[in-house]
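Asker: Quick paste from TrEMBL:
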DOMAIN    56-636  domain 'Neutral/alkaline non-lysosomal ceramidase N-terminal'
BINDING   His147, His262, Glu564, Tyr607  Zn(2+) binding site
ACT_SITE  Ser375  active site, nucleophile
DOMAIN    638-801  domain 'Neutral/alkaline non-lysosomal ceramidase C-terminal'
Amino acid sequence: MQGHEQSAAWCTYLFMMELLASIHCYFWSPSRTICLWMSLVLLLQYSKTVVSKSDYLIGLGSYDITGPAADVNMMGYANAEQIASGIHFRLRARSFIVAEPQGKRVVFVNLDACMASQLVTIKVIERLKARYGELYTEQNVAISGIHTHAGPGGYLQYVVYLITSLGFVRQSFDVLVDGIEKSIIQAHENLRPGSIFVNKDSGFSTGELLDASVNRSPSAYLNNPASERRKHKYDVDKEMTLLKFVDDQWGPVGSFNWFATHGTSMSRTNSLISGDNKGAAARFMEDWFEKNGIKSSDTNESGSDGLPRRVSNIIPNIHDDNNKLLELATSFRSSPGSPATQTMSVARRVRGALKQAEKPGFVSAFCQTNCGDVSPNVLGAFCTDTGLPCDFNHSTCGGKNELCYGRGPGYPDEFESTRIIGERQFRKAVDLFEKASEQLKGEVDYRHTYIDFSQLEVTLTKVGGGSEVVKTCPAAMGFAFAAGTTDGPGAFDFKQGDDQGNPFWRLVRDVLKTPDKKQVDCQHPKPILLDTGEMKQPYDWAPSVLPIQILRIGQFVILSVPGEFTTMSGRRLRNAVKTVLTRSGNGEFGSNTHVVIAGLTNTYSQYVATLEEYQVQRYEGASTLYGPHTLSAYIQEFQKLATALIKGQPVEAGMPPPDLLQKQISLLTPVIMDSTPAGKNFGDVSSDVPANSTFKRGSTVTVVFWSSCPRNDLLTEGTFALVEMLQGKDTWTPMYDDDDFCLRFKWSRHSKLSPQSKATIEWIIPSSSSPGVYRIRHFGASKGLMGSIRHFTGSSSAFVVA
């Protein structure tokens with residue numbers, strides 16, 4: 001009830017201030033009576049504003065969850081060769097809490113991660129219960145992933161999701177649990193009276209975002225009934241829905257939005273940690289707000305590259321003569337590597353320096369929804385050998401899936417594609433944010449239960465009347481799963497749209513587990529490649545028990561689903577729940593009811609295709625684990641939750657999923673030690689900028705340092721790379737760090753087993769950068785043979801940006 005106490009204290013404070021003003025006015029004003037009456041009127045008006053303006057307490061938080069930037073396999077593409085080796089920009093957990101002052105509350109966490117993990121969720125809830133008691137539990141806390149395919153893996157608990165990461169990676173797991181907890185703590189401590197506005201209509205245009213997504217499995221989508229498809233203009237959901245959070249005192253403090261597009265702008269060969277397009281959009285919007293506040297976003301407030309101007313524009317430039325700048329730069333040669341404190345990189349962070357002491361920082365999250373068949377590679381899928389479009393039904397090129405790749409708008413530059421798709425989401429979000437006017441009103445509530453999807457009875461209505469009961473199946477993956485998608489094709493001779501399989505791979509499958517006839521019939525027409533739901537050694541390969549959850553904030557409802565719903569699956573689920581809510585007859589939900597799906601939430605169970613899409617057995621159907629009736633099972637169980645919600649009835653908790661932490665196996669080799677060549681220190685420059693160099697905006701500055709393995713210290717809320725600008729004669733001010741889109745930290749070993757490594761830092765100079773003298777700096781931590789960790793730093797020679 002800390003937030004309620006803050007609200008009461010705030011009201012008391014306002015009352016005392018007005019009372020003191022009235023007394024002062026009475027004793028010192030010539031017109032005592034008039035003044036007193038005016039003060040009383042103002043006091044009454046102000047009190048009404050404080051009491052009635054806000055129905056809720058709101059709090060937002062954000063914390064760094066960037067995992068190990070070396071040696072760890074990335075989660076998403078299941079490509080064993082995609083090993084992290086640096087940072088594109090940092091990953092964060094962003095949270096909001098909404099509470100009724102004397103009632104219920106809900107928590108929503110958006111992760112710059114591929115998906116939520118059941119084990120992470122379990123441990124976060126344990127920590128929250130230890131800290132807050134029953135205030136935050138699995139019932140009212142939702143943890144959702146944006147589905148970036150460029151984050152470290154190894155943090156889920158089921159075997160099938162840990163194969164390419166060589167098992168469990170404790171460092172990946174711990175940084176997520178720690179970061180989520182800290183972001184929720186921040187949100188809790190920021191709870192204050194405030195209002196929430198929802199928008200999916202930006203005035204003259206709707207919330208439709210037309211150029212950030214395409215359907216990557218159109219042949220499967222076309223198998224849905226024509227009458228159903230005619231109800232929709234597009235074969236993917238183009239609408240963005242946004243919540244705007246407004247603190248009564250500080251004004252806007254954040255926004256969360258939901259829009260469907262995969263986090264696959266960065267390719268399966270990328271090795272830099274990245275939040276992909278949604279993480280980029282969040283970074284752009286938070287920087288935009290810190291610069292512009294609530295002012296209108298126009299071209300004058302952005303650089304010519306279309307991105308928000310950075311802090312370099314805030315600092316006045318005192319140098320305007322290039323010769324003088326060069327002369328000044330030559331006096332700053334590269335500094336040798338030197339010891340540093342553990343917190344030095346944190347203290348030098350750009351955004352940490354900008355944060356105001358009292359005002360909470362602006363938090364913007366770009367959340368995932370029903371993205372199952374939705375790709376950001378909007379130019380389409382083409383064959384890498386011929387340049388021609390891929391086969392429509394199977395996404396192959398000459399019968400081979402390995403050659404069929406989707407192209408993003410920045411093709412062939414994946415960084416540019418990420419920026420463009422991120423910027424398009426960012427601009428739509430700004431539009432919705434600035435025009436949001438529909439205020440959320442009503443109760444805060446939630447329902448949550450655990451369901452065993454391996455053997456769930458589902459009642460289906462027959463077309464001619466009556467009903468039949470069908471069942472879901474133990475989890476299994478089809479042959480087309482191994483074919484991958486046009487965002488990241490698989491290997492060997494698998495292909496999408498395969499409802500037969502082949503004898504060779506059946507033999508390989510049978511070495512692990514041969515599915516029995518009951519399972520084969522249940523999963524039909526999916527040919528089973530991996531019978532994961534019935535594979536239990538060394539522990540469970542796939543989940544059976546899944547959480548489902550509804551969060552309500554007034555007329556806004558979030559459906560927390562533990563997987564990737566396809567476009568049509570998501571539409572059916574939203575419509576089914578909305579129908580239950582609006583036809584309840586109690587008047588709480590009307591035509592303005594907003595229902596969004598939060599995908600990849602609380603745990604992960606792969607895809608959910610419609611019954612008709614399942615028949616086609618493209619990647620999404622082959623990855624629908626629990627058989628052809630999976631979607632119907634979700635709809636049935638969510639309708640039960642929605643009914644309980646509107647009737648104020650409890651639901652059965654269900655049998656919780658297992659906690660498999662003690663059974664985890666890790667084969668990832670630890671860091672033994674780091675070293676440098678004789679005569680070199682950690683942090684020394686290996687390759688410097690050219691002497692007396694001047695760079696133009698838009699060009700790239702590259703510096704290489706002798707470094708150490710980034711796994712020694714993740715530098716959480718810190719930075720491995722920094723661009724500093726000279727202010728005055730000898731003061732270096734942080735300008736860009738490794739949380740900036742324009743600065744890339746790349747790490748590499750001398751050889752695979754070598755203890756020697758280097759850090760390459762690349763700065764693509766933004767067009768909005770101010771002319772002046774700059775240098776590049778590196779932070780790191782080395783590990784000695786006896787296990788001691790020593791932090792270090794080093795810097796390049798100075799150079800001029802003209």
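From the backbone N, Cα and C atoms, a Cβ is placed for every residue, glycine too.
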Asker: Across all protein chains in the structure, which of the binding-site residues His147, His262 has the highest Cβ count within 10 Å?
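Answerer: In terms of Cβ crowding, the pick is His262.
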Asker: Relative to the Cβ of Tyr607 (Zn(2+) binding site), which residues of the same chain, six or more apart in sequence, are found under 8 Å away?
Answerer: Gly372, Gly563, Glu564, Phe565, Thr566, Tyr619, Glu620, Gly621, Ser623, Thr624, Leu625
Asker: Please list, in sequence order, every residue of the chain apart from His147, His262, Glu564, Tyr607 whose Cβ lies within 8 Å of the Cβ centroid of the Zn(2+) site.
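Answerer: So the additional residues around the site are Gln368, Cys371, Gly372, Val374, Gly563, Gly599, Leu600.
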Asker: To see if you understand the setup: which same-chain residues, six or more apart in sequence, place their Cβ under 8 Å from that of Ser375 (active site, nucleophile)?
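Answerer: Result: Ser213, Val214, Asn215, Arg216, Thr261, His262, Thr264, Gly406, Thr485, Thr486, Asp487.
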Asker: Please work out the mean pLDDT for the residues of the domain 'Neutral/alkaline non-lysosomal ceramidase C-terminal' (638-801).
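Answerer: The predicted confidence over the domain 'Neutral/alkaline non-lysosomal ceramidase C-terminal' (638-801), as a mean pLDDT, is 97.
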Asker: Within 10 Å of the Cβ of Glu564 (Zn(2+) binding site), how many other Cβ atoms are there?
Answerer: 29
